[in-house]
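Per TrEMBL, the features are as follows:
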ACT_SITE  LYS103  active site, charge relay system
ACT_SITE  SER178  active site, charge relay system
ACT_SITE  SER202  active site, acyl-ester intermediate
DOMAIN    51-490  domain 'Amidase'
SIGNAL    1-18  signal peptide
Amino acid sequence: MYSACPLYLSVFSVPSVANISLFGSTMIEKTATELLTLQKSGGATAASIADAFLAAVRAREPKVKAFVHVDEADVRRQAEAVDAKRKAGSQLGVLAGVPVAIKDVLCTRGTPTTCSSKILKNFVPPYDAHVVEKLRAADAVLIGKTNMDEFAMGSSTENSAVQTTRNPWDTERIPGGSSGGSAAAVAACQAPLSLGTDTGGSIRQPAALCGIVGVKPTYGRVSRYGLIAFASSLDQVGPFTHDVTDAALLMEVIAGHDRRDSTSIDRPVPAYTKSLGEPIKGLKIGVPREFFDAGLDAEVEASIRAALKEYQALGATLVDVSLPHSAKYAVAVYYIVATAEASSNLARFDGMHYGHRTAEKTDLIGTYAKSRGEGFGKEVQRRIMLGSYALSSGYKDAYYLKALKVRRLILNEFTDAFAKCDVVMGPTSPSAAFKIGEKSDNPLAMYLSDIYTISCNLAGIAGMSIPCGFTKGGLPVGLQLLSPPFDEEKMFRVARMYEAATDWHTKRPAV
Ligand code: GLN
């Protein structure tokens, strides 16, 4: 499936990317909302849209490497089915004919789902994840599965056992991680929408580094059914899009209660797209002073400060808030809680119950050890060991239980901060995209990439990243917005206020 992906072998019969230009921006540069309008007006069919994006995948994949699986014939079949439905006058779903790329951690019926790990190389799920069911019900066209850090552990996509995805703005650099494939696919206009997962920043950080919008919903807002677990108390599925309108639209589709996930919350899903255009009067923005301490790149800081100024010009007031525990302990707490949960979740992959089995003839324990040693990469093994250690008797109180207590303090300080403001804002990532290989030998340096994103997952609140500028070297910078739980509606309105006044979200890289 990996190197011999059928995509690269088949004879391609669709026009090249350069030939597809409609109404100013090329088809592939359009947002999902624009593609929906285009189809309604008769300006394009779902099949022509699918062909344009498949052509983009084919042309750009050798450079970007965002996908681990694309089945062209299946993509065309899905698109033709949408066109047939439209022709027959049937009711169409809200994403009819819009291609969506899916992170390879989400189960897709009949399509390989590997978490970019050797241990799941041959896994073909017999069922769809809840969010995938929702996409199909909305008549979206699933264009392919995207590359990721193995089991979503990483910040650069370099931990994939398949390939390293490249940042479309500079292919010598990482796209961020762990959902780097999904972020790069949207940034490189290989799909207008994609899904990622965020356990400690894996949607917001790659969105920031690739110059697009990425949303980490409130814990419990989106069902985790069919999401292969990394750290169950932190994982959430969320959208990658070119703009806030598309993010609101995709959230309307994937959010909502699902009784198959016991942590999914039964609350109505607001019509996010309806209220988007309403600015928040008297908006109060909390700016945590600790988010601007040493370690923040000067060019990133300048873009964030300029974005805050823009908000002031739009009538917002900046409020000084403090998140001392988040700043000091979030990374440490996260690497205890997340690894502890991962060590338990990944125990099932032992070559007997699930996953790759070693060919070597040995006893039971030998089979477990060999299969896991062959199947899991270095980072995954490191985390299983760390998590098992933190949970072991004698150490559990000192590490795991202590971490849970600090986790509560982090939530408390967010609750205090939100008493003074509507949203909290700051940088998404301490630096713009770094060079491939720059941090791969230094796990601690890599872990610090998520210093601003992790506390949101620990607190279970909502967060997003929106494009807010570029460095002098032409690398995107992301502004992070954090909101109280289940306040995504307001968060989108606040994000849209800035977007409506700026044009960062309209930029596309020349791949
Ligand atoms: N980079 C963080 C990690 O390696 C977050 C990953 C994620 O959100 N999935 O754990």
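Even glycines carry a Cβ here, placed using N, Cα and C.
TrEMBL annotations: computationally assigned, not manually curated.
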Are any of the active-site residues LYS103, SER178, SER202 near ligand 1, with a Cβ under 6 Å from it, and if so which?
SER178, SER202
By a simple count, how many Cβ atoms lie within 10 Å of the Cβ of the residue listed as 'active site, acyl-ester intermediate', its own Cβ left out?
36
Going by DSSP, is SER178 (active site, charge relay system) sitting in a helix, a strand, or coil?
coil
